[in-house]
């Protein structure tokens, strides 16, 4: 365990998954620190801790978004959970391309360092995560900060593309004998449905930010109307990537939630095939709705009508998933252990996030709500309470498999309730701020907004206490939890017979399967 060479050159999927988790935890703590600094600045009207440095405020906003999306949620959800679980769940000895797996991870730390360094160059990169021109152009952001951030995005994108190729190949070609796709758990389905959109959308982002790079450094005018360019072109290219990107962390999360709800309800997932097709539909529809982020840029009325309708259609497969989870729990013998609490919390909060998303999907209403705190509240309910709660649920569910020890149940539940209360107190008041017209990315505001902002900032401090409790749980589990034996499987219910991970020892051997398991049982999800 302590040999650095083993970790640096490892081609073992479990080692690399662990590295992804550690990296995601570090980036998550840093991103949380940025968000708390933002909330401290917004706790009261007027200039607070940043002393009137509004560029620094925008640098914090940008860093918070990049850290949380590209360096926390995606590495932990796809790299961590995917690497650890997918080969075991499909009965594969390892990933298809182990050395590619290694470089996929090791591209991320330099990418993170590039992003950090961008904040230290001149005035930093204060563009927001969208990096829209002309704000990101050479006249508004001279110096190397934005170039450094763009290079960071390129590295992160290459990492994701290589990882996606690896997962698609592994799941296509390396399933154990008898493990058909229709026998695979929903988490296994969610990974290729996530990898395809990544593979298709990341090159578009790469093209967009490369155009931006040449505009800044080589005097091209892709985004400058003076030379025949158009800043709206960049918005279309970025959002073509950016919208699938926000579904990408949610899909593996929904696979994890399906796994957990099924186990703790003691029943197979309700409507397995419907769940699969719903995931595929979300993956496809995610590419057809990007301009709903652009209702205010002057699109013609027919275009806005189409994107309004297409955005609302995404609610259908999402609703199928939510009702299937509820139907799975209906009449089940439910055990409210920590993973199940996070799963139920996910379903409740993800539903709220989905409902609040239907409102700005209307292009007419979005004229009023665009770039207000209503939008911030909506996507944080989906991401901060969707993806992150799914990660916490999956961690508590599989931590016994990873460490070979049980986590402290009471501390896990305390972690859930503090976090649940904190994030709701932080984000729910933002709906009211947005409906009142408070714009995003602004470090100061009129006194009328002071009450809800104070409440929101207080909630963010509570969330930090909850996250600290999470690291206490991790420390106790890794150092002094009870050992798990074959006879002491933490979730010993009949439903586990449909997945392979509890049939191997905890923690699994360095090479999980001495010989490939033959899947012979007839209780496949689809007859």
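Cβ from N, Cα, C; glycine included.
Swiss-Prot has this to say about the protein:
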TRANSMEM  18-38  transmembrane segment
BINDING   41, 46, 443  Ca(2+) binding site
TRANSMEM  59-79  transmembrane segment
BINDING   64, 380  Fe(II)-heme a binding site
TRANSMEM  103-123  transmembrane segment
TRANSMEM  149-169  transmembrane segment
TRANSMEM  193-213  transmembrane segment
BINDING   243, 292, 293  Cu cation binding site
TRANSMEM  246-266  transmembrane segment
BINDING   247  O2 binding site
TRANSMEM  269-289  transmembrane segment
TRANSMEM  312-332  transmembrane segment
TRANSMEM  339-359  transmembrane segment
BINDING   370, 371  Mg(2+) binding site
TRANSMEM  375-395  transmembrane segment
BINDING   378  heme a3 binding site
TRANSMEM  414-434  transmembrane segment
TRANSMEM  447-467  transmembrane segment
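Feature map: annotations from Swiss-Prot on the structure.
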residue: 41; record: Ca(2+) binding site; Cβ neighbours (10 Å): 23
residue: 46; record: Ca(2+) binding site; Cβ neighbours (10 Å): 11
residue: 243; record: Cu cation binding site; Cβ neighbours (10 Å): 23
residue: 247; record: O2 binding site; Cβ neighbours (10 Å): 22
residue: 292; record: Cu cation binding site; Cβ neighbours (10 Å): 24
residue: 293; record: Cu cation binding site; Cβ neighbours (10 Å): 23
residue: 371; record: Mg(2+) binding site; Cβ neighbours (10 Å): 16
residue: 378; record: heme a3 binding site; Cβ neighbours (10 Å): 24
residue: 380; record: Fe(II)-heme a binding site; Cβ neighbours (10 Å): 21
residue: 443; record: Ca(2+) binding site; Cβ neighbours (10 Å): 20
Ask   = Beyond 243, 292, 293, what residues of that chain have CB atoms within 8 A of the centre of the Cu cation site's CB atoms?
value = 239, 242, 289, 290, 291, 294, 307, 311
Remark   = Outside the transmembrane segment (103-123), at least 6 residues beyond either end, the same-chain residues with a Cβ under 8 Å of its Cβ set are 8, 16, 19-20, 23, 27, 55, 59, 63, 66-67, 70-71, 75, 79, 141-149, 151-153, 155-156, 158-160, 162-163, 166
Task = Measuring CA to CA, name the entry from the binding-site residues 41, 64, 247, 443 that ends up nearest residue 378 (heme a3 binding site).
result = 247
Remark   = Per the Cβ filter (under 8 Å) with a sequence gap of at least 6 from its ends, the transmembrane segment (339-359) is approached by 250, 253, 257, 260-261, 263-264, 311-312, 315, 318-319, 322, 325-326, 329, 365, 369, 374, 377-382, 385-386, 389-390, 392-394, 396-397, 413, 416, 420, 423-424, 431
Inquiry  = I'd like to confirm something. Which of the binding-site residues, 292, 370, 371, has a Cα closest to the Cα of residue 443 (Ca(2+) binding site)?
reply    = 371
Ask   = Cα distance, residue 64 (Fe(II)-heme a binding site) to residue 41 (Ca(2+) binding site), nearest Å?
value = 14
Remark   = Same-chain residues at least 6 beyond the ends of the transmembrane segment (18-38) with a Cβ under 8 Å from one of its Cβ atoms are 7, 10, 49-50, 57, 60-61, 63-64, 67-68, 71-73, 75-76, 79-80, 83-84, 105, 108-109, 112, 402, 460-461, 463-464, 467, 471
Remark   = Expressed in Å to no decimal places, the gap between the Cα atoms of residue 292 (Cu cation binding site) and residue 370 (Mg(2+) binding site) is 10
Request  = Select the range from 149-169, 246-266, 269-289, 375-395 that forms the most Cβ-Cβ pairs under 8 Å with the transmembrane segment (312-332).
outcome  = 269-289
Beyond the site residues 41, 46, 443: chain residues whose C-beta lies within 8 Å of the centroid, for Ca(2+) = 42, 44, 45, 47, 48, 49, 50, 52, 57, 444, 445
Query = How many whole Å apart are the CA atoms of residue 46 (Ca(2+) binding site) and residue 371 (Mg(2+) binding site)?
reply = 21
Nonlocal residues around residue 370 (Mg(2+) binding site), in sequence order (Cβ under 8 Å, 6 or more apart) = 295, 296, 360
